[in-house]
Amino acid sequence: MSVVSSFHQSWKSLILASQRCNTVKQIKSTHSLFIIHGLHRNTYAISKLLTAFLHLPNLNKHFHYASSIFDSIEIPNSFVYDTMIRICSRSSQPHLGLRYFLLMVKEEEEDITPSYLTFHFLIVACLKACFFSVGKQIHCWVVKNGVFLSDGHVQTGVLRIYVEDKLLFDARKVFDEIPQPDVVKWDVLMNGYVRCGLGSEGLEVFKEMLVRGIEPDEFSVTTALTACAQVGALAQGKWIHEFVKKKRWIESDVFVGTALVDMYAKCGCIETAVEVFEKLTRRNVFSWAALIGGYAAYGYAKKATTCLDRIEREDGIKPDSVVLLGVLAACAHGGFLEEGRTMLENMEARYGITPKHEHYSCIVDLMCRAGRLDDALDLIEKMPMKPLASVWGALLNGCRTHKNVELGELAVQNLLDLEKGNVEEEEAALVQLSNIYFSVQRNPEAFKVRGMIEQRGIRKTPGWSLLEVDGIVTKFVSGDVSHPNLLQIHTLIHLLSVDASQIL
C-alpha cells in the first residue's frame, strides 16, 4: 500500500470514528486525532464531528465546545451551518440558531445557500425560542424560494409557528395553502384549536379530516377526545371510543385511554369513566389525575382520597402536583375540611411537593364552604408567597355565600390590584361585591359599585351553554336574538312553560 493510500485510509477511519462518538470524551479524543493528522481544517471531516454532538444527552453542557469547533472552520459549508442550527435547536440557547443562519446568508461564497433542511432546523429553533415574529419572516422566505410547497417538514413547522402564537385564523390560511396535508398537519391544526379552548372548532377539523379520507392516528383521537370533553360532545366521544377499540389503541397507547377517562368524566358519565379506567392495561400519572378530577367534579372526596392510596400501591406512581390538586378539589366539593387541611400541611413532607397557589385556593374554598372565613383569611395571610387572584377569588366567593361585607371588600381590593387592566376579572370582582351589598340591603353601595362598572366601560360577558343534538354541538348565548328560528323557539318555550305550570 502506498503512503498516499495509507494516509487516505487513516482519514477515512477517523471520519468513520467521529460518526460513532456517543460521549464528549470520545468526541475530544477524535478531535485530537483530527488535529494530529491535519483533519481539523477539513470541512467535511469537522462537519461529521459536529454531528456527533447531537447524540449527547447533556448537549447544553458542551454547547460552547461545539461552537468553538465551528469557529475553527475557515470556510464552513451549508451542512456545517445546518448542523450548528440543529445543535442550537436542541440546546437551551435555540435563539443562537438565528445567528448562524444570518452568518450563512451573509456568506460571500455563492454556493452556500439555505436548503429545506436549513429552514426546517431554523423553524424548530424559533419555536423553541418562541421567536414567532422571526418564524413569520421565515414563512415569507420559504414561500418566495419555493421551499414551502416542496417540503412537508417545512410546511408543518410554519403551521406550528402560527398555532403556537395562537393565531388560528392565520394558521388555517397556511393549512389551506398546503396541497395535500398529511395526518400530522391535521393534528397540529386541530390541537391548536383545542389548546385555545375552541373544542367545537377542533371537532370540525376532525370531521373534515375524516371526510377527506385521512386516517386518524393516536394523537388525532386523543386531541378529538379532549375537544369532546371541552364541549360535552358525548355522542361524538362514544363514536371515537368505538373507533379506538377496533384499533386496539386503548391497550397500546396510555394517552388514548386517559383521554377517554377524561372525556367520560367531563361529559357526566363518571361510572363509564371508572369502567374505562379500571380496564386500562397501562396507566400513568395523567390517567389517575383524570379519574381523580372526575371524582372531584362530583364531590366524591372519599373515592378521590382512596385513589391517592391506590396510585402508589397499584402502579408505583408518585402523585404529582396535579393529582394532589384534584384530591384537594374533591375535598372542597365534598366538605372534607380536616382531610384537606391535613393534606395541604403534609404535601411537602409526604410527597415532596411544595403547595402552589392553586392548592391554597382549594383550601380557602373549602374553608369558605364550611363557613370558616376568618380561618381562610388567616391562611391567606400566612402563605409563604404573595396570594394571587385565584386565592382572593376563592375568598370572595365565600364572602358572597355568607354575606360577609368586610372580608368581601378586602378581597375585591386585592383582586383589583392584581387584575389591573384585566377588564373581565375587574368586572367579575365588582359584580360580586355589588351582589354582596344587595344581599345585606346596602343598596346605595351596591348601586355605587354598579356605577363604577359603567364608568369603567366594563361590559359583562354573557353566559352561554352547549348542547349536543345528533352529534352536533350548538352554543346558546344569553340574550342572543340571531337564531333564524328564534320565533319558533320562543313559541315552544312558552308552550312548555304553560304545560309545566299546569302540572305544578
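Just so it is clear, glycine is given a Cβ too, placed from its N, Cα and C backbone atoms.
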| request: State the residue range annotated as region 'Type E(+) motif' by Swiss-Prot; the candidates are 37-67, 130-160, 223-253, 471-501. | output: 471-501
| query | Short question: which residues 6 or more past the ends of the repeat 'PPR 5' (217-251) have a Cβ under 8 Å from it? | reply | 183, 186-187, 190-191, 193-194, 197, 199-200, 202-203, 206, 209, 257, 259-260, 262-269, 276, 279-282, 466, 468, 470-471, 473
| Is the repeat 'PPR 6' (253-287) packed against any residues at least 6 beyond its ends, judged by a Cβ distance under 8 Å, and which are they? | 218, 221-222, 225-226, 228-230, 232-234, 237, 241, 244, 293-295, 297-298, 300, 311, 315, 317-320, 322-323
| message | Contact between the repeat 'PPR 9' (356-390) and the repeat 'PPR 8' (320-350) is defined here as three or more C-beta pairs under 8 Å separated by at least 6 residues; is that satisfied? | response | yes
| the region 'Type E motif' (391-470): DSSP-derived helix, strand, coil residue counts | 56 helix, 6 strand, 18 coil
| field | Residue numbers, six or more beyond the limits of the repeat 'PPR 9' (356-390), whose CB comes under 8 Å of its CB atoms | value | 321, 324-325, 328-329, 331-332, 335-337, 340-341, 344, 347, 397-399, 401-402, 404, 407, 410, 414-415, 418-419, 425
| Taking the repeat 'PPR 1' (77-107) alone, what is its mean pLDDT? | 90
